[in-house]
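Shown next, in structure tokens, is the structure this report addresses.
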Amino acid sequence: MGWWIFEFKKESKSMFVGVLFLLTLLVWTSESLNSDGQFLLELKNRGFQDSLNRLHNWNGIDETPCNWIGVNCSSQGSSSSSNSLVVTSLDLSSMNLSGIVSPSIGGLVNLVYLNLAYNALTGDIPREIGNCSKLEVMFLNNNQFGGSIPVEINKLSQLRSFNICNNKLSGPLPEEIGDLYNLEELVAYTNNLTGPLPRSLGNLNKLTTFRAGQNDFSGNIPTEIGKCLNLKLLGLAQNFISGELPKEIGMLVKLQEVILWQNKFSGFIPKDIGNLTSLETLALYGNSLVGPIPSEIGNMKSLKKLYLYQNQLNGTIPKELGKLSKVMEIDFSENLLSGEIPVELSKISELRLLYLFQNKLTGIIPNELSKLRNLAKLDLSINSLTGPIPPGFQNLTSMRQLQLFHNSLSGVIPQGLGLYSPLWVVDFSENQLSGKIPPFICQQSNLILLNLGSNRIFGNIPPGVLRCKSLLQLRVVGNRLTGQFPTELCKLVNLSAIELDQNRFSGPLPPEIGTCQKLQRLHLAANQFSSNLPNEISKLSNLVTFNVSSNSLTGPIPSEIANCKMLQRLDLSRNSFIGSLPPELGSLHQLEILRLSENRFSGNIPFTIGNLTHLTELQMGGNLFSGSIPPQLGLLSSLQIAMNLSYNDFSGEIPPEIGNLHLLMYLSLNNNHLSGEIPTTFENLSSLLGCNFSYNNLTGQLPHTQIFQNMTLTSFLGNKGLCGGHLRSCDPSHSSWPHISSLKAGSARRGRIIIIVSSVIGGISLLLIAIVVHFLRNPVEPTAPYVHDKEPFFQESDIYFVPKERFTVKDILEATKGFHDSYIVGRGACGTVYKAVMPSGKTIAVKKLESNREGNNNNSNNTDNSFRAEILTLGKIRHRNIVRLYSFCYHQGSNSNLLLYEYMSRGSLGELLHGGKSHSMDWPTRFAIALGAAEGLAYLHHDCKPRIIHRDIKSNNILIDENFEAHVGDFGLAKVIDMPLSKSVSAVAGSYGYIAPEYAYTMKVTEKCDIYSFGVVLLELLTGKAPVQPLEQGGDLATWTRNHIRDHSLTSEILDPYLTKVEDDVILNHMITVTKIAVLCTKSSPSDRPTMREVVLMLIESGERAGKVIVSTTCSDLPPPAPP
């Protein structure tokens, strides 16, 4: 009831009397509303904020509130009069209410049903709720309630259903929860609840549903849980619960779902779990469980989904699983399972998904698996399986995804494969398969990826593949395929990649190749193609990489190739091309790699080559180029990997402009006719690791830099006029050559020595001359690192930098006590990370990768490839937001490759966000971390030469130093963009929750995949939620965000509760702006996502608009990290 204040004069008595009458009337009507109605009005007026006026008929003129919106009443006692009606139900769900719940809620003592779900209510849950002792159902979910759960709920002895999920509640689950003896449903997931689960849960013997996932619970699951004999659903995923799974779970025989993924469980899976014969879903993935899979699981006759992946389970797959007749999905991937695949799995007639990849399985693939008529997805990759592909697979009518790569399979691929199966992904690469490509593999017109690389397949590409209109990528590298280039491929309008390298294709490249309009990758290296390049190649406007090296192609380069404006990599090396280079090559402004070596090109190098400012590697060795080296080559400011002009007919002086190439690491000018001095500007080549000037006519003194002074004589052979360094002294008075007078005849003995020595020298000289003549007639590979397409990618010449930090293996072993587990600070995708304090006191991080150096099996090089990937990537990078690599080495004692990194004292962003420390980071700190990571990633995408895709951006791969500055690390999957010699990562590139949606159907990783992953990291920083979400909420954070914005619009309720405690609108608006940037990064279509450079600009602009408010206090509020 409102209060009115009036001013009136004494003579206005009549007006005063009228007003007094109205006030009296209002008081009378308010007092006529019963007590429940008055409590409800207090809820509305002193708590709720009803912006949409949903509670418009709540007013005090009614006798009872029983007709109000959301209110239901029941009679109390035998009377049906209005005085006997009490409020028993209050349903205000989805009313768009905000504000708080007033303590007056405790006055509704007859309330049985309370539903305030799906609003924007904040504040604490009032402790007065305990007065509603008749409550049976209380739904407070999907609001923004904070604070702790009031202990007064123990008074609600009649409560059957209690739902507080999707709020911002903190603190423990109170021990008093055990007093709710009638409780059947307890739903508390997606909050910030902490501490151990209370033992009093064992008192809830009527409990059927307990869901408390996505909180910060720790400790063990109490053994008392075994007393909840009516429990049907146990969901505790995405917490920090540790210890062993209690065997008492096996007593809960009514359980239907056990959802415990992504915790810190260790130890064995208890055998007692086999007692759960009603269980339908068992999800234990993403933990640290060890030991064998219990055979007793085979007793769980109702099981439909069995997820044990991403653990450390070992032993064999129990054959008893064959008794699980209702199972539809089994995923045991990413474990340490060994032995053979049991044939008993073929008895699971309902099986639709079987993932066993990345284990240590051996033996053959049982042909009995062909009986699984419902099988749609089978992935047995990255194991040691042998024998043939079961012929029965060609009869699986539901098969869509068949991945068997990286095994040792042999025999012929079943020729009927695809005839009856709607295949969309087939990857058999890196095996020892033979025979022909199955002719019907695309019979159902669904195939998007066919990868048969690195096998022994022969014959032609069958017409069935050439007519496969759905095909996006055809990868048959490293086989024995024959025939001419299949012109029919260019009728496939969706085809983006043709990779036919290292086969036996022959004949000319047909002009029809120009009709492959969407082609981005055309790799034809190491075949027997001949004739000229067709002019029609110029029509491939989307072409990014073009590799025809190691063929027998002739003729000139068509000038029309300049129309391929998107070209980044052009490799024409090791052919028989002739003529001069077309000046139009200089208009390919995106070009990063140009390889023309070992051909018969002649004439001058066109000065327009200097326009290729993105070029990182220039290979022109072994040709007939003549004239002078154009000074415009000094404009190639991005040139980094190599400039190779060796074995040509260049003359004149070396242009001093070459000294402007500050990033250049290898320079080869040997075997030409160059004269004059080595320019003094070469002292500016600070990145140079090696160069070769041999067999020219150079004179004068070597540059005074250390690299020139320490070079061996072989780099300068055949240049009589050079001096300095290890050559002769430039001072004639200090000549190192003996004076002729000293060789005059002396004693007879001395004469004989001279004769013998002279004879030996003469013989050696003749031998050297013969060797030089041989190499002049047969030019060798230039000294700069240039990887042959047929050679393995794993070469010594691939190491582009020299270790500078003086750390020895002995220091590392002593600092880690021989790599003892107590020094482990993390486990990455490709290795284990140890903390090591060096004798100097410097703390470093040591990543240890098990090596496979002793084996020659092509399938055993994954870790070495990972080692090289990190070295090749990190060794060339210097950026404040990229983890610095100090050095690398190989430790023979443990057969391990070691990478020595800068140590990050605060660990990973993932640990800070999801390890119970997120409350320690305010928004300015999180924003600074986001901007730093973005700048590091933008450097990889736009400033590295060549550009780099990270492939595994996630919060655990963003490391934080003591000043809360972000450093992007873990380059185990890093890939130079469009570098065909890079290891083909056929397995999933990335981590669950961060993988861009297009990867599922293209199997292609682009910069836009990194941007999607970064968007997920932004969402983690903003929401505090993990990247993987419950399936009913979308399954991942990006989908959850889209759904939340769709259902509730973009408001601050989407943000981490720890962030919304601030009351500054500028900061809140800034967080909403960054959320919009995150949503933009996670757009479903790659073309809709910004570039990383654009992301950085958007973040900077958003911070500038927020102004000085975005200043972190975290660094001063938090104690420094513990000393090493």
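Every residue gets a Cβ built from N, Cα and C, even glycine.
Taken from Swiss-Prot, the feature signal peptide covers 1-32. As annotated by Swiss-Prot, topological domain 'Extracellular' applies to 33-752. Look at Swiss-Prot and you will find Asn72, Asn96, Asn131, Asn275, Asn314, Asn395, Asn494, Asn611, Asn644, Asn684, Asn697, Asn710 (among others) tagged as N-linked glycosylation site, backed by sequence analysis. If you look up Swiss-Prot, you'll see 86-109 marked as repeat 'LRR 1'. Look at Swiss-Prot and you will find 110-132 tagged as repeat 'LRR 2'. Taken from Swiss-Prot, the feature repeat 'LRR 3' covers 134-156. Feature annotation from Swiss-Prot assigns repeat 'LRR 10' to 302-325. What Swiss-Prot records for 350-371 is repeat 'LRR 12'. Feature annotation from Swiss-Prot assigns repeat 'LRR 13' to 374-397. Here Swiss-Prot flags 470-491 as repeat 'LRR 17'. Marked as repeat 'LRR 19' by Swiss-Prot: 518-540. The feature repeat 'LRR 23' is assigned by Swiss-Prot to 614-636. Sequence annotations record features per position, and here Swiss-Prot assigns repeat 'LRR 24' to 638-661. Look at Swiss-Prot and you will find 663-686 tagged as repeat 'LRR 25'. Look at Swiss-Prot and you will find 687-709 tagged as repeat 'LRR 26'. Summarising the annotation, Swiss-Prot assigns transmembrane segment to 753-773 and lists sequence analysis as the type of evidence. Here Swiss-Prot flags 774-1124 as topological domain 'Cytoplasmic'. Residues annotated as phosphothreonine in Swiss-Prot: Thr808, Thr816, Thr1002. Under the heading phosphoserine, Swiss-Prot lists Ser986.
Location within the structure of each feature annotated in Swiss-Prot.
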| residue | record | CB count, 10 Å |
| --- | --- | --- |
| Asn72 | N-linked glycosylation site | 16 |
| Asn96 | N-linked glycosylation site | 15 |
| Asn131 | N-linked glycosylation site | 19 |
| Asn275 | N-linked glycosylation site | 19 |
| Asn314 | N-linked glycosylation site | 16 |
| Asn494 | N-linked glycosylation site | 12 |
| Asn611 | N-linked glycosylation site | 19 |
| Asn644 | N-linked glycosylation site | 28 |
| Thr808 | phosphothreonine | 11 |
| Thr816 | phosphothreonine | 19 |
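In this structure, the glycosylation sites Asn684, Asn710 were compared by how many other Cβ atoms lie within 10 Å of their Cβ, and the smallest count belongs to Asn710.
Long-range contacts of the repeat 'LRR 19' (518-540) within the same chain: residues 477, 485, 490, 493-512, 546-558, 560-564, 566, 571, 789-790, 978, 980, each at least 6 residues beyond the stretch ends and with a Cβ under 8 Å from a Cβ of the stretch. Ranking the glycosylation sites Asn96, Asn275, Asn684 by Cα distance from Asn395 (N-linked glycosylation site) puts Asn275 first. Nearest to Asn710 (N-linked glycosylation site) in space, judged by Cα atoms and limited to the glycosylation sites Asn72, Asn644, Asn684, Asn697, is Asn684.
Within the same chain, the repeat 'LRR 12' (350-371) packs against the repeat 'LRR 10' (302-325): three or more Cβ pairs sit under 8 Å, each pair at least 6 residues apart. For the pair Asn275 (N-linked glycosylation site) and Asn644 (N-linked glycosylation site), the Cα-Cα distance reads 70 Å. Using a Cβ-Cβ cut-off under 8 Å and counting only residues 6 or more beyond its ends in the same chain, the repeat 'LRR 24' (638-661) has close neighbours at 592, 597, 613-632, 667-685, 687, 692, 698, 779, 782-786, 800, 876, 945. Predicted-model confidence for the repeat 'LRR 25' (663-686) is 92, expressed as mean pLDDT. With helix defined as DSSP H, G or I and strand as E or B, the repeat 'LRR 1' (86-109) counts 5 helix, 8 strand, 11 coil. In the repeat 'LRR 26' (687-709), helix, strand and coil residues by DSSP number 4 helix, 8 strand, 11 coil.
Residue counts for the repeat 'LRR 24' (638-661) by DSSP state, with H, G and I taken as helix and E and B as strand, are 5 helix, 8 strand, 11 coil. Mapped onto DSSP helix, strand and coil, the repeat 'LRR 10' (302-325) counts 5 helix, 7 strand, 12 coil. Under a cutoff of 8 A between CB atoms, and with a sequence separation of 6+ in the same chain, the neighbours of Asn697 (N-linked glycosylation site) are His673, Leu674, Ser675, Asn719, Gly721.
A 10 Å cutoff on Cβ-Cβ distances gives Asn395 (N-linked glycosylation site) a total of 17 other Cβ atoms nearby, all chains included. When Cα-Cα distances from Thr816 (phosphothreonine) are compared across the glycosylation sites Asn72, Asn314, Asn494, Asn644, the shortest belongs to Asn314.
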